[in-house]
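Heads up, the thing below is written out as structure tokens.
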Amino acid sequence: MVAERAGHQWCLFLDRDGVINRQVVGDYVRNWRQFEWLPGAARALKKLRAWAPYIVVVTNQQGVGAGLMSAVDVMVIHRHLQMQLASDGVLIDGFQVCPHHRSQRCGCRKPRPGLVLDWLRRHPDSEPLLSIVVGDSLSDLELAHNVAAAAGACASVQIGGASSGGVADASFDSLWEFAVAVGHARGERG
């Protein structure tokens, strides 16, 4: 998964809640005060940035569609996230957000591939066959499968302890653990 991407343009698509930040059980991260980094996530993004030509956050935010928060609230959270990472030299190349409630039949809500395919269309230098989706839920892994069906290939990495039923190409306890494994495969020490 690591060596074959060296020297190529490709994208690492990351879920947000449950991968980068702590998920609010039974609710949504509605504002920056509720955003809580998962341990090691910011360091992991720095390490992954050295490997991945593009990093894009892909997230369902149905709290917008339910009227519990606005699209501006989500943008403010992402702006703060971006500013914190930028202070450490880390750039997120994009945030692809589905604001629709699950009852709506949009093409962008994960596991549908609309958000990823839209980003890939707008970035033709990125090789779709080398894309990787990283997430903590079955819908994230299904997203990778759906992107593969549309684009020809897409690897999946599961974060967290929930069983994927063997659907993921790789599984790690945290984004940090994934980043360390990538670093080791790239010959990094520490």
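Using N, Cα and C of the backbone, Cβ positions are placed for all residues, glycine too.
Residues ASP15, ASP17 are recorded by Swiss-Prot as Mg(2+) binders, and the candidate that the same record lists for that site, out of ASP125, ASP136, ASP169, is ASP136. According to DSSP, GLN62 (substrate binding site) sits within a helical segment.
Among the binding-site residues CYS106, CYS108, the residue whose Cβ has the fewest other Cβ atoms within 10 Å is CYS106.
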